[in-house]
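Novice: Pasting in a structure now, in structure tokens, and then I'll have a few things to ask.
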């Protein structure tokens, strides 16, 4: 089959002459036959007056014939770059009416304008060109989170700050002489306060900051304010959910899902998409070459590992699975130890706060306040390192190891946050036991509250975590100044910070605003570090994985942050001394009360929405739709594999027919040349 | 380094180029500037041509390991006219459609221009991607073999255009990497 194609061309540096192919005299070569196929028409056309690409410099009539044939065949299908755009836009020939060109062009202009509105678009392009897609996806994610925070802060400001001031200035904190013991609370310290104390108050959110719009306790118990406060939470979560879903579907989930099992075509992708054509600068080039070499070696190694895994005997399999089980148990043990440590740290903090020595020294008080956060940050720093060390023992391929490490790190971070909240809940509600001594009077542990920690009224995780999270991420930024950013670690840090902010923003409505400022500063800091100090990542993270994996983790963070917020809305009785929900049995109780004040028909409608008569048909219809979509997807998958099989068969048919043509024409040529040879010259 | 006659581009020409290529206004003007800086003195830009060396030494292409192939594919008669340069920038622009990029990528990667990407082409591609001293013969052959076994559907030991297209459509990174942003602005 290959005998007609064994010439030896040389591309760059040759004098341009191609040695004549070893084809049978009088017949055509296989390649030239295949070139005349209509499917290769667009590929051959190189512009007017040019030899179609792929033809050889043949002197004899066959060359002329094939050239002419291919030129004619290809004039009908143009793929010069200047024509391709028209074809794409209009789907018809190059001659169309002027007005028919205007409409798509105006649409293009609008899209272009919208794309240019996005801030830092040019910066992101530059970063992507110089440092690769992985780093660009980090900055793109940062910009997206910035957008989320800006929207959230605007919404919350509108829905909480505006109504507060609309009905007159809010009152000050309740005085110390109120009747019930649950109601007394005095945030302001009496007399002059020294400067260091002011500074520490700023950092820990006590003193004058406690009674400010920053915290939940400030808002007066007005009816409309209560409703809008609650609705702002739901609105913000809904918007964040929609935007995150949009981003994850737009930027890569669809592509990644459509691409059937990436393991099957990874070599082709790595060879053909390895080089980033936008790279400039010799330094970047050398690094890129290093990265490509590393990735190719990893691929080959993985192939070897996979071959070994396939060749394992039963005994070896059992051993490997035993080792994996042990490693997972070790990981679980480490995680459990970490969680217990967080739990213990929170309890110890409260104990420490009651010591008089701590109360005297503001610095110690600050440290003690931040103790759980410090503990969590240390754990988040040490444990992933341990995970990386033990991962090679499991005997997976390297890409799978990375996935496992990432999953464990994500789980560690999100779960430690949950554990912190759980321990705080434990403190506040006396372990859920409403009849315990401390909690009986007011429904929650009021004794904790006036001791200057004011933790009962807000999830202090919000402010302190923000502070400590901010500190550690800046420290983490300092780590990457030496430059080997582990883009995944940085991105997980971002998502973790955002989750914390979501949790805290119910009790500190202005928290998204603070977070916006923080992310803005972070963006510029990272950019400066990247361009001036840093050499690019020595190990790139593929942009496609980044676009798929990180929005997913963001969604997970959103879901996890919803749990404590909704739990506190529905279950925990709000404090009686401050906040817009004082005096109610639960925060959610505000809504039924407001509904009662609406006209009767609206009430009936809203109650109907909550009954079974509405929910069950809705559930049925959703299940039917889901089943239909799944069936559709399955049938498309089957269609695709069927079509692929057909393509294979057609390609084989085509090669077979071309070979027959060549064989027949060479036989004909041989017979004519034989007859020609008989004639004397 | 001469300078073309400094004509401002006519508005109609700009509109036409915008319609014919995937480039934005700013990109077209930027390329126009770059072209004017490089072309020989005293000529109208539509008639001037650049040599392949001149285009290879543009900052966007200077460090590209495939710059010779890029110049070969996009030039006509070994020189670049202004529209050739625009065509090249259009294929590499962000807004170009995937099928156009895949087609030109196939032409670029086909070193011996026989219409297929065979083993030899693959080995040359890998050699260009890495520094040649780091690569052993075995690794080259191994890689070429792996690529062919993945994407060669009709078992002829070469990648035809449709096989290449099929493989690249599934690659989520291809569009991101086959892109050049800055042409000297």
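Using the three backbone atoms N, Cα and C, a Cβ is placed for every residue, glycine included.
Nobody curates TrEMBL annotations by hand; they come from automatic prediction.
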Novice: Look up transmembrane segment in TrEMBL and report which of A:436-457, A:458-479, A:546-567 it refers to.
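Specialist: Within the set A:436-457, A:458-479, A:546-567, TrEMBL attaches transmembrane segment to A:546-567.
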Novice: Between the candidate ranges A:121-143, A:144-166, A:167-189, A:190-212, where does TrEMBL place the transmembrane segment annotation?
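Specialist: Checking TrEMBL against the ranges A:121-143, A:144-166, A:167-189, A:190-212, the transmembrane segment one is A:144-166.
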Novice: Ranges A:258-281, A:282-305, A:402-425: which does TrEMBL label transmembrane segment?
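Specialist: It is A:402-425 that TrEMBL describes as transmembrane segment.
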Novice: Among the recorded stretches A:325-350, A:370-390, A:546-567, which has the greatest number of Cβ pairs closer than 8 Å to the transmembrane segment (A:224-245)?
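Specialist: Ranked by Cβ pairs under 8 Å, first place goes to A:546-567.
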Novice: Count, for each of A:144-166, A:370-390, A:402-425, A:614-636, the Cβ pairs lying under 8 Å from the transmembrane segment (A:546-567), and report the range with the highest count.
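Specialist: Maximum Cβ contact count belongs to A:402-425.
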Novice: Within the same chain, where does the transmembrane segment (A:614-636) have neighbours whose Cβ lies under 8 angstroms from its own Cβ atoms, ignoring anything closer than 6 residues to its ends? I mean 6 or more beyond.
Specialist: 608
Novice: Run the contact check on the transmembrane segment (A:370-390) against the transmembrane segment (A:402-425): 3 or more C-beta pairs under 8 Å, excluding pairs closer than 6 in sequence.
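Specialist: Output yes: the transmembrane segment (A:370-390) sits against the transmembrane segment (A:402-425).
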Novice: Which sequence positions outside the transmembrane segment (A:144-166), separated from its termini by at least 6 residues, show Cβ-Cβ distances below 8 Å to it?
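Specialist: The answer is 213, 219-220, 222, 224-225, 228-229, 231-232, 235-236, 239-240, 243-244, 247, 494, 498, 501, 505, 509-510, 512-513, 515-516, 519-520, 523.
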